[in-house]
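Q: Take this structure first; my questions come after.
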Amino acid sequence: MVSVNSSHCFYNDSFKYTLYGCMFSMVFVLGLISNCVAIYIFICVLKVRNETTTYMINLAMSDLLFVFTLPFRIFYFTTRNWPFGDLLCKISVMLFYTNMYGSILFLTCISVDRFLAIVYPFKSKTLRTKRNAKIVCTGVWLTVIGGSAPAVFVQSTHSQGNNASEACFENFPEATWKTYLSRIVIFIEIVGFFIPLILNVTCSSMVLKTLTKPVTLSRSKINKTKVLKMIFVHLIIFCFCFVPYNINLILYSLVRTQTFVNCSVVAAVRTMYPITLCIAVSNCCFDPIVYYFTSDTIQNSIKMKNWSVRRSDFRFSEVHGAENFIQHNLQTLKSKIFDNESAA
């Protein structure tokens with residue numbers, strides 16, 4: 001049992017070790033498979049790549065980089081010891097924030113790109129290019145790495161109590177929260193969450209408004225249904241994965257800086273923190289769903305793959321059937337010849 005003292009409030013948070021171990025194991029398996037398949041499709045299957053594909057490739061790479069660090073986290077939360085050194089601890093922490101806010105920003109890029117394509121299809125042609133998409137992706141990487149870097153400087157391994165085990169990902173001192181981390185939280189919440197949230201909701205609303213205009217009613221009903229599904233899936237995944245954690249992170253920083261001192265509030269916030277963090281980490285498994293609903297090219301490629309497999313199976317069965325038919329006729333002919341020779 002682990003009891004933590006936050007000023008004068010005592011609470012138990014030992015459940016987080018089991019929770020993290022189980023959740024990270026599941027995310028590692030599902031995230032590794034789904035994102036490897038996604039990158040394979042992007043690189044080896046897709047013949048035509050557009051600006052949306054560029055954003056999705058970068059999102060998949062971000063997810064995969066984080067997934068590769070999960071075995072170290074799983075080992076730590078299972079054994080409660082970090083034997084991998086201070087540098088790997090820092091890298092793991094940095095990749096966590098890089099992945100989370102990189103995912104948020106890349107999903108926002110996809111949302112803005114869809115908004116421009118549907119609301120301003122002609123005016124946005126000069127903006128929606130692969131070259132500009134690569135520039136935007138470079139800007140996103142620089143932003144999330146720059147925003148995550150300060151956390152690396154304050155994160156380090158330390159000994160736990162009287163035993164020889166090393167700790168990583170554990171609580172920072174209140175002094176560190178008051179001097180550094182509270183400012184980092186303000187920056188990443190504004191740049192990495194609230195602005196993207198506003199952009200996602202605004203862009204999705206504008207797209208829905210455009211689709212309901214009389215001018216667009218003549219569009220194919222199937223295409224409009226696809227866009228509506230795309231928006232619905234996109235917003236559900238965004239809100240489910242990122243809203244709980246980022247709202248709780250604000251409250252958590254207020255608790256750690258002792259702005260909130262009520263013990264019931266402190267216990268509730270610190271209990272919800274590992275739960276919302278696990279939900280946020282699950283975005284690695286849900287992002288491939290966004291790829292499928294966002295890109296017609298991916299859907300068509302998967303359908304073509306399935307069709308080619310079925311067609312090859314059909315051709316094989318045809319050839320195999322023809323061979324059996326020929327062999328049967330030959331056997332019948334041989335039998336007749338043998339019977340005639342015997343009769344003679």
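We count from 1, first residue shown onward.
Cβ coordinates come from backbone N, Cα and C, glycine included.
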Q: Swiss-Prot annotation: Cys168 disulfide-bonded to which of Cys89, Cys239, Cys241?
A: Cys89
Q: Going by the topological domains in Swiss-Prot, would Gly85 and Lys224 end up on one side of the membrane?
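A: Going by Swiss-Prot, Gly85 and Lys224 are on opposing faces of the membrane.
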Q: As a test: from 20-46, 56-79, 93-112, 228-253, pick the stretch that has the greatest number of Cβ pairs under 8 Å with the transmembrane segment (134-154).
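A: Top-ranked stretch among 20-46, 56-79, 93-112, 228-253: 93-112.
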Q: I'd like to know if the transmembrane segment (182-209) touches the transmembrane segment (273-292) in this structure, counting it as a touch only when three or more C-beta pairs sit under 8 Å and are separated by 6 or more positions.
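A: Counting Cβ pairs under 8 Å, fewer than 3, so no.
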Q: Is it true that the transmembrane segment (228-253) and the transmembrane segment (93-112) have 3 or more Cβ pairs under 8 Å, skipping pairs fewer than 6 apart in sequence?
A: yes
Q: Could you pull out which residues elsewhere in the chain have a CB under 8 Å from any CB of the topological domain 'Cytoplasmic' (47-55), counting only those six or more residues past its ends?
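A: For the topological domain 'Cytoplasmic' (47-55), the nonlocal Cβ contacts are 106, 109-110, 113-114, 128-130, 132-134, 136-137, 294-295, 297.
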Q: Quick one: find which recorded stretch in 20-46, 56-79, 182-209 has the most Cβ pairs under 8 Å with the transmembrane segment (93-112).
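A: Looking at each of 20-46, 56-79, 182-209 in turn, the most contacts to the transmembrane segment (93-112) are made by 56-79.
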Q: For the recorded positions listed here (Cys89, Cys168, Cys284), tell me which residue's CB has the most neighbouring CB atoms inside 10 Å.
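A: Sorting the candidates by Cβ neighbours within 10 Å, the top entry is Cys284.
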Q: By DSSP, what is the split of the topological domain 'Extracellular' (80-92) into helix, strand and coil residues?
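A: Final tally across the stretch: 7 helix, 0 strand, 6 coil.
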